[in-house]
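Asks: Pasting a structure below so you can have a look.
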Amino acid sequence: MKYGKVSFLALLCSLYVRGSLADPESEQEPLVFNPTEVKAPLVEQFQGAWSERWIPSHAKRFVNGIEEMSYVGEWTVEESSGPGALKGEAGLVMKDEAAHHAISYEFDEPINEPEKDLVVQYEVNPEEGLNCGGAYLKLLAEPTHGEMSNSIDYRIMFGPDKCGVNDRVHFIFKHKNPLTGEYSEKHLDSRPASLLKPGITNLYTLIVKPDQTFEVRINGDVVRQGSLFYDFIPPVLPPVEIYDPEDIKPADWVDEPEIPDPNAVKPDDWDEDAPRMIPDPDAVKPEDWLEDEPLYIPDPEAQKPEDWDDEEDGDWIPSEIINPKCIEGAGCGEWKPPMIRNPNYRGPWSPPMIPNPEFIGEWYPRKIPNPDYFDDDHPSHFGPLYGVGFELWTMQPNIRFSNIYVGHSIEDAERLGNETFLPKLKAERELLSKQESMEKQSMHVDEESNQILEKFLDVYDIIKAKLPPNVAEKVDYYVETIIETPEIGIAIVAVLGSLTAVILTCYFYFFASSSPASLSTGTTEAEKEQQEKFKQETETEKIDVSYAPETESPTAKNED
């Protein structure tokens, strides 16, 4: 069957074009993971009995004292995968989409050495991307006893958080007011973007130093640094002085810098009553304006419904339509000139403003010592850290965490990153570059394909007008197939190499072996019966025919 031949050709062409655009990854020798020798209060690479160290939580989540939901999200440890994966490396994976997840690790002994650097570092890989969800961790202010939840207090929250256009890396710490004993959150004021991309690992590092400075690094690069005193909202230290809340502005205090000129007089020619808009005095009614014709008329084709009851429903009134005469002419009904801006409009008059001779200045309450003021030279003294917890919501599954470091050595954290992150960096960045390149190439190919298809249809419209009806009907089927499945259509066009050649090839392929009568405008009864049978077959097997092998049909037998 010739339709099968062309369909199979189209399929091969499509596969050929796809294959020519594909860029298969070259096979590379997998990198091998070696457990680090770095030591710290926490160096977690999820080897061995990880489930004895990390306890998933099944606690209830409460918001404003009301139970919201349970932490039902599943946690697993899985070997790394992807182009940059280290063979044998494992990571903690947040598995479920649209779910709350919570898990925690408790230190053998609380960490509380404020005279040393505090370094927090870990890797995050959103294997399927992260459009809305958190990937930050918390350094905990109390033991969890395996029941991590939003009610467990924390000292520091650090890491990426992304939802829609909000994309940032958090650094939040809690500071204790020495006067009241209360803790308040201090948020980093200018938060860097997370740089999260599907299947790409990022390394996040936080360094807090005893001199009250900090650094946030992403992939080893310092993206934010500053002072615990000056770069957080609200500030750590309250103001030394505040405005006196009991101070009152004197009654004779003049704080208006300008006043209306008391000597100004409204000009005699100032017309406050002049309208803002006036009819255009130069406008002329169009000659074809039908002033006696109504704009709307009853619809002459409207019919009273059969079930309309005048006694119950009232008098039936047909719907109205725009008067056709009004559409043909310039307009109908009473003609009015268009409105224009009044050149003489000036609006209400008001005297000009002049400097106020009695102006004293803007009034402020006097300053008094802040009764709530306190000083703290060491906001980096966060207090004892009892463990690490993840308490997260995510809309995407399979968020991977690996190579977690919590300790006091910047050098050791860098060494760990060199061992685990840098080997993945090159391979994953090559993948990212390849993905971006293929996306650009795909956009370019799609644009060219659309242009080719548009030209093809333009040429076909010209030729179709000269084709006999029975021929045009058959060719139409294939043109519709090209439009509905442009991959096949563009492949055929690309292989044949010429838009005109495509149409002529289709024409002669189908009809060169047919009898002259089949190209004439007349059609015999036998041919009509044959065409109707073919039409029914193609309609019932339309999906199958584009990928069907060559088969016989009554039409094919007659043509062969």
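Yeah, the Cβs are placed from backbone N, Cα and C, and that goes for glycine too.
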Asks: Looking at alpha-D-glucoside binding as recorded in Swiss-Prot, which candidate out of Y122, Y154 goes with Y136, K138, D161, E391?
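Replies: That alpha-D-glucoside site, as Swiss-Prot gives it, pairs Y136, K138, D161, E391 with Y154.
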Asks: Which of C13, C163 is the other half of the disulfide bond that Swiss-Prot records for C132?
Replies: C163
Asks: Tell me which residue from T540, T555 Swiss-Prot records as phosphothreonine.
Replies: T555
Asks: Please give me the CB contact count at 10 A for C132 (disulfide bond), counting all chains in the structure.
Replies: 15
Asks: Through the lens of DSSP with three states only, how would you label C163 (disulfide bond)?
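Replies: Assignment for C163 (disulfide bond) reads strand.
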Asks: Same chain only, please: residues at least 6 beyond the ends of the repeat '2-2' (333-343) with a C-beta under 8 Å from a C-beta of the stretch. Say none if there are none.
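Replies: Hits for the repeat '2-2' (333-343): 274-281, 283, 285-286, 289, 291, 293-295, 326.
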Asks: By a simple count, how many Cβ atoms lie within 10 Å of the Cβ of C332 (disulfide bond), its own Cβ left out?
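Replies: A count of 20.
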Asks: Among the disulfide-bonded residues listed here, C163, C326, which has the most company in the form of other Cβ atoms within 10 Å of its Cβ?
Replies: C326
Asks: May I have the DSSP-based helix, strand and coil counts for the residues of the repeat '2-2' (333-343)?
Replies: 0 helix, 3 strand, 8 coil
Asks: Can you see whether DSSP assigns C326 (disulfide bond) to helix, strand or coil?
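Replies: In the DSSP reduction, C326 (disulfide bond) maps to helix.
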Asks: What is the number of residues in the repeat '1-4' (299-310) that are helix, strand and coil, as DSSP sees it?
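Replies: The breakdown for the repeat '1-4' (299-310) reads 1 helix, 0 strand, 11 coil.
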